[in-house]
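**Q** Take this structure first; my questions come after.
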Ligand SMILES: NC(=O)C1=CN([C@@H]2O[C@H](COP(=O)(O)OP(=O)(O)OC[C@H]3O[C@@H](n4cnc5c(N)ncnc54)[C@H](O)[C@@H]3O)[C@@H](O)[C@H]2O)C=CC1
Ligand SMILES: O=C(CO)COP(=O)(O)O
């Protein structure tokens, strides 16, 4: 059993893993309050520059960070350092999370566990695991159950400019989610809590696939009707995939679902949208990935999403089409033409067979199997 530290106070000690756009954004956001913030980076030159100049030389380069934030690394922090933290936040791209958590696990004291918050938005290639499962595999079921997930429409650049922003925060118990919500709360930043971490994770990961589709359509020169169609049909696909997986369909109507879908499908500030836009303009995926300079989770997540869609047998023609554009050389214009040529169909039917992947995951976490821990009352999966 995990013994968590008490509620993080307004002056918590926080360590953020990842010093990219979002890791450094969250460092700035929390450093803006009374929290003592450390940010772990892998790049020695970033650490030195950040500590001397309070600027990140590679990401959010125009932003001046609060002087109280310290960059640490490139070695992983010691067990003693981690033990002194109230909160650990993981802003590491999904494909690298497993390797980092494996290294970190021996340094975590399960009897004195900080609040653990994950903000990555992706599905692991190969295993098609959600982050919950990656945590369970590397750190054990107890640590996975205690973890909290944040997702929603939140461009890093706008948060550091203190533009009003809201996100979804989910954990298996809303008490844990409320701790994270309180930690992040500021006059310009509101969190809405919930108890469907699987739905929140699927929302954040899948919207990236549709952001690629929307960017692609804009890049091809199609305008508002087409974008609105992709956003709405994307929401419908996300909801079907998520419901079949075992998430609550309502979760997809929240900030992490339609909120982030709308944001990233309609802004060139989104890296996933940008990948799609450049594909639509005729660039190859190879060229785009070499020059993007930042992670676009949707590119790898499309592979995991495709595996999940095939496993569930749900109808998700837009996601399948993006998979073919990215990995089977399908022409972008032909992709849109073929989607439009599909026979007329009913607008929205939720899938009949639901919940097996979520049940499998809950069993792995020791939740919901006969004789084990009863699922927390706040968690309302669609089982
Ligand atoms: N940028 C944004 O506005 C938001 C991003 N996110 C999510 O946060 C996660 C991180 O995204 P960004 O910071 O924007 O990406 P980024 O591309 O700006 O930065 C990536 C970070 O990951 C680190 N990294 C690369 N390989 C690594 C490895 N093998 N091990 C550990 N760290 C490694 C890099 O050093 C860098 O610090 C993604 O899952 C993204 O979807 C979530 C909300 C908003
Ligand atoms: O998820 C995001 C904002 O909510 C960031 O989107 P991109 O990763 O597409 O830039």
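Backbone N, Cα and C atoms are what each Cβ position is placed from, and that goes for glycine too.
Those TrEMBL annotations? Automatic predictions, nothing curated.
TrEMBL lists 207 with the feature active site, proton acceptor. Residues or ranges marked as NAD(+) binding site in TrEMBL: 18, 19, 20, 21, 22, 23, 96, 156, 271. Positions annotated as substrate binding site by TrEMBL: 121, 271, 272. The annotation domain 'Glycerol-3-phosphate dehydrogenase NAD-dependent N-terminal' is assigned in TrEMBL to 14-175. Summarising the annotation, TrEMBL assigns domain 'Glycerol-3-phosphate dehydrogenase NAD-dependent C-terminal' to 196-336.
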**Q** Nearest to the residue listed as 'active site, proton acceptor' by Cα distance: which of the binding-site residues 22, 121, 271 is it?
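**A** Its closest listed neighbour, by Cα, is 121.
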**Q** Which of the recorded positions 20, 207, 271, 272 have a Cβ less than 6 Å from any atom of ligand 1?
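**A** By the Cβ criterion, which requires under 6 Å to ligand 1, the hits are 20.
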**Q** Across the record's NAD(+)-binding residues 18, 19, 20, 21, 22, 23, 96, 156, 271, the largest CA-CA distance in angstrom?
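**A** Roughly 20 Å, rounded to the nearest whole number.
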**Q** Least buried of the binding-site residues 22, 96, going by other Cβ atoms within 10 Å?
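**A** Fewest other Cβ atoms within 10 Å, among the binding-site residues 22, 96, is found for 96.
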**Q** Return the members of 22, 96, 207, 271, 272 (the recorded positions) with CB less than 6 angstroms from at least one atom of ligand 2, or none.
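**A** Within range of ligand 2: 271, 272.
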**Q** Which of the listed recorded positions (121, 207, 271) has the least company, meaning the fewest other Cβ atoms within 10 Å of its Cβ?
**A** 271
**Q** According to DSSP, which of helix, strand or coil covers residue 18 (NAD(+) binding site)?
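**A** In the DSSP reduction, residue 18 (NAD(+) binding site) maps to coil.
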**Q** Of the residues in the domain 'Glycerol-3-phosphate dehydrogenase NAD-dependent C-terminal' (196-336), how many are helix, strand and coil by DSSP?
**A** 110 helix, 0 strand, 31 coil
